[in-house]
Every structure is written in C-alpha cells, then in structure tokens.
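Visitor: Reproduced below are the annotations present in TrEMBL:
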DNA_BIND  125-233  DNA-binding region
DOMAIN    2-116  domain 'Response regulatory'
DOMAIN    125-233  domain 'OmpR/PhoB-type'
MOD_RES   Asp51  4-aspartylphosphate
Amino acid sequence: MWIFLVEDEKQLASNLKRGLEEEGHVVEVMHDGEEAELQGLVNDYDLVILDWRLPNRDGKQILEHWRAEERMFPVLMLTALGDLDHKVSGLDAGADDYMGKPFSFEELLARVRALGRRSSELQNDEVVSVGPIELDARKHWVKVCGIKRSLRPKEFILLELLVSEPETVFSKTQLAERVWGSAYHVSDNTIEATISTLRQKLADSFEECEEAFLADHSQVIETIRGAGYRLNGDLIKENE
C-alpha cells in the first residue's frame, strides 16, 4: 500500500517507516502539519497514519479539512492524548481508527492491515443504490433523485452501511461497532441522534423528488421495534 505517515517525532517516524517498508509498503513521511495537509489534498493514498499534535496545524484540523474536501482515504490517528473525549473527537472528525501512544508495532500493523482491506474494498466498489438513493463510497458522494447531498462523516458511513446491506436490521450494538468503531463506547443517545439527523436530511431530499417513493418520507430509515434499524422496506422493493 501507499502509506502517508504524518508524525513530528522524527525517531518514531523513522522506526515506523522502516517497519512498514519491511512489510512491503511504500511509505511517504512528513513532519509538518501544513505541508501534510496540502499533500493529502492532491494524493490518493491507500492509508494515512496521522499524529494529532503537529507543528503549524494539528491532526484533527487537517482531517476535518480533508473530509470537507471529500478526501476519503482511511485514516489511523495517533496521539498521546488517550482520554475518551479525544478519542471521540478524533473519530467524529472522520478518523477510521485511533491509537494512543505508546503502542506496539504489532498492534499498529494489525490495524493497518484492517484499514488496508477497507481501502481495497472501496477502490473496487461501484456505485450502490436503493430506490432514489445512490452512494459512491470511494468518491464520497450521495445523491437522492440525482441531486448531490451533503452529509457529515458518521452520517455518510451510517448510510453507506444501510444502503450496502438494505435488508439487514442493525442493532445499536452493531451500529456502534461498524459506524463508530469498537475503540470506544458510544452512547445510545449519540446513535439515536445521528439516525434522527440522517433521517431528516433524507426526508427533506425525498420531498424534492418528482416521484413519490414513500408515503411517509420521515420513515426512510425504519425503526424495527426491539431489533434495530434498516432502510424502509418499500425502497428495497424498488430494487427488486
């Protein structure tokens, strides 16, 4: 894989670069936040390993800018700030995984392999659609009735999951693992709030469609009592 390593601790960066190259990866290293931010805007890396604390621009700001510009390569965030609030903040900014320092190289490699599989899957994915919803995970866009819509990172991942497996009912535990990651505990309130916001954005988009796909647009995402959430069954029928 082509890995972009952004780490201001030069000895750590050198050790990680050597170890990753021994595993067969091509590794590009930068130590400055502003320079790294520009590189991420022009290169389609397979994976980025991004430190939080960097000179001139911190990793969270860099990541938020990349995601706003639809740079959707997987990002593993590194930081000595290991408390829960910082983990939540980093993942909400768009990180795919999070590791606190110090860490073992073996664990880093395992996470790199996992994120590498996701990167490969995204590169091979075609546009997936259910009813009037179209989604391209690689290019990070969503269209409803042919019109592009803006979603926050977790909303996008949630919708990607629902569209990719439209007949699956996902429990809150499954959503916590697959949307927020298993690195920290996410509250039911956070999951419910994200679903509610996504549901409203989709409902507003459906209102602008010329064709009526659902009797109640507020139920684009269904709540299956006692089980979880899925896309509305009437949308699934549209694909059959």
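For all residues, glycine too, the Cβ spot is worked out from N, Cα and C.
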Visitor: Please list, for the DNA-binding region (125-233), how many residues fall into helix, strand and coil according to DSSP.
Guide: 44 helix, 23 strand, 42 coil
Visitor: What is the total of other Cβ atoms whose distance to the Cβ of the residue listed as '4-aspartylphosphate' is within 10 Å?
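Guide: Result for the residue listed as '4-aspartylphosphate': 23 other Cβ atoms within 10 Å.
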Visitor: Could you give me three numbers for the domain 'Response regulatory' (2-116), the DSSP helix, strand and coil residue counts?
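Guide: Final tally across the stretch: 54 helix, 24 strand, 37 coil.
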Visitor: On average, what pLDDT score does this prediction assign to the DNA-binding region (125-233)?
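Guide: Result for the DNA-binding region (125-233): average pLDDT 85.
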